[in-house]
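K.L.:
Handing you a structure now.
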Amino acid sequence: MASSFGAERSDRGRTGGGQVTEKNNRQDISGVSCLSVAPMMDWTDRHDRFFLRLISRHALLYTEMVTAQAVVRGDRRRLLGFHGQEHPVALQLGGSEPALLAEAARIGAGFGYDEINLNVGCPSDRVQSGRFGACLMAEPALVADCVAAMRAAVAVPVTVKCRIGIDDQDAEEALSRFVDEVAAAGCRRFVVHARKAWLRGLSPKENREVPPLDYGRVYRLKAARPDLDIVLNGGIQTLDEAEGHLARVDGVMLGRAAYHTPYVLAEADRRLFDPAAPVPTREEIVERFLPYVEAELACGVPLKAMTRHILGLFHGVPGARGWRRHLSENAHRPGAGVEVIRDALRAVANREAVPA
């Protein structure tokens with residue numbers, strides 16, 4: 001049986017090659033979104049994005065990075081399929097071959113993504129070996145060629161996510177040169193992780209923590225290029241912090257905070273987008289997630305594939321330990337269904353772990 005995201009998409013219409021299009025549902029994000037959730041490998045899959053959309057209606061969500069080669073030659077429906085309620089949602093691509101990236105961008109746009117983003121920030125050895133990610137900051141001319149090819153292939157915005165520099169580069173000169181050259185190819189939006197990436201000697205995890213944050217460098221980039229949309233990423237934990245940065249840049253991107261403590265997004269719509277927007281309770285979010293879970297279970301998706309994304313929902317609330325414990329101990333069991341989530345919710349209400 002097809003997964004529920006496929007069923008959701010099937011009535012939007014199909015194009016050749018088995019692609020599914022949602023162009024009628026695509027949102028206009030030609031103006032920069034002031035809040036987004038970062039692309040995070042193994043985390044921001046379609047289940048997580050659907051869950052986050054129940055918390056914030058307006059934050060721009062990103063896929064995990066998908067290589068251009070995988071998109072062009074792999075199982076497109078599995079890699080790119082998503083639920084119509086995820087909009088606005090951006091596809092992040094990895095690669096360095098302009099023609100291949102252009103084809104992958106075209107395919108992604110055909111699936112209905114609202115933005116195509118090029119990864120120029122990931123420092124992992126595996127990514128470097130494929131000549132993409134942060135190592136491309138040393139090749140701004142190549143990135144410009146990639147952006148130009150992608151822009152020629154799609155009508156949606158093509159954006160770039162990068163660092164302030166790599167290794168021993170001078171972050172002042174290197175970032176300005178990189179942005180100027182890529183902007184000349186037509187990129188109008190840059191998501192800048194306010195840390196350098198060290199391509200040798202640090203793991204990807206260490207590269208998210210060890211290099212010092214330099215928000216001032218991103219502020220100066222925006223001041224120097226007021227014509228561009230500059231989005232700040234790196235170390236932002238709260239909406240208060242986000243609002244502080246928004247006085248200096250066009251947008252902010254939350255990463256690990258939005259995953260480990262997703263309720264941080266609950267007031268985002270009201271504070272950043274619409275003063276009349278409702279603030280959902282944690283319990284309301286769970287209840288709204290259950291029909292999606294039931295539909296996915298019916299299509300053979302294991303419960304643990306979805307519950308792993310909601311463990312942090314009750315972070316800081318009495319009963320949070322019972323919530324996490326019950327989900328962690330029971331979601332992996334054969335035949336586990338939505339009753340596991342309901343029992344975990346009762347554990348929060350009772351402020352204690354329910355028996356397994």
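Including glycine, each Cβ sits where the backbone N, Cα and C put it.
As annotated in TrEMBL:
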- C122: active site, proton donor (ACT_SITE)
- P39, M40, M41, Q92, K161, H193, N233, G234, G235, G255, R256: FMN binding site (BINDING)
- 37-338: domain 'DUS-like FMN-binding' (DOMAIN)
- 1-25: region 'Disordered' (REGION)
- N119: site 'Interacts with tRNA' (SITE)
- K205: site 'Interacts with tRNA' (SITE)
- R208: site 'Interacts with tRNA' (SITE)
- R321: site 'Interacts with tRNA' (SITE)
- R324: site 'Interacts with tRNA' (SITE)
K.L.:
In angstrom units, rounded to an integer, how far apart are the Cα atoms of R324 (site 'Interacts with tRNA') and the residue listed as 'active site, proton donor'?
P.N.:
30
K.L.:
Where C122 (active site, proton donor) and K161 (FMN binding site) are concerned, what is their Cα separation in Å, rounded?
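P.N.:
K161 (FMN binding site) has its Cα 9 Å from the Cα of C122 (active site, proton donor).
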K.L.:
Could you tell me the maximum Cα-Cα distance in Å between the residues recorded as binding FMN, namely P39, M40, M41, Q92, K161, H193, N233, G234, G235, G255, R256, rounded to a whole number?
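P.N.:
Among the residues the record ties to FMN, max Cα distance equals 20 Å.
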K.L.:
M41 (FMN binding site) to K205 (site 'Interacts with tRNA'): how many Å between their Cα atoms?
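P.N.:
Taking the Cα atoms only, M41 (FMN binding site) lies 12 Å from K205 (site 'Interacts with tRNA').
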K.L.:
Which state, by DSSP, holds G235 (FMN binding site): helix, strand or coil?
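P.N.:
The residue in question, G235 (FMN binding site), is coil (DSSP, three-state).
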K.L.:
May I ask for the distance between R208 (site 'Interacts with tRNA') and R256 (FMN binding site), taken between their Cα atoms and rounded to an integer number of Å?
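P.N.:
Approximately 10 Å lies between the Cα of R208 (site 'Interacts with tRNA') and that of R256 (FMN binding site).
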K.L.:
Counting other CB atoms within 10 A of each CB, which of the recorded sites K205, R208 comes out lowest?
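P.N.:
Sparsest of the recorded sites K205, R208 by Cβ contacts within 10 Å: K205.
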K.L.:
Please tell me which one of the recorded sites listed here (N119, K205, R321) sits closest to K161 (FMN binding site), measuring Cα to Cα?
P.N.:
N119
K.L.:
Where N233 (FMN binding site) and N119 (site 'Interacts with tRNA') are concerned, what is their Cα separation in Å, rounded?
P.N.:
13
K.L.:
May I ask for the distance between R321 (site 'Interacts with tRNA') and R256 (FMN binding site), taken between their Cα atoms and rounded to an integer number of Å?
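P.N.:
Here the two Cα atoms are 19 Å apart.
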K.L.:
Using a 10 Å radius around its CB, how many other CB atoms surround R324 (site 'Interacts with tRNA')?
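P.N.:
Result for R324 (site 'Interacts with tRNA'): 21 other Cβ atoms within 10 Å.
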K.L.:
For G235 (FMN binding site), what is the tally of other C-beta atoms lying within 10 angstroms of its C-beta?
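P.N.:
That number is 18.
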K.L.:
Around R321 (site 'Interacts with tRNA'), how many other C-beta atoms are within 10 angstroms of its C-beta?
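P.N.:
I count 15 other Cβ atoms within 10 Å of it.
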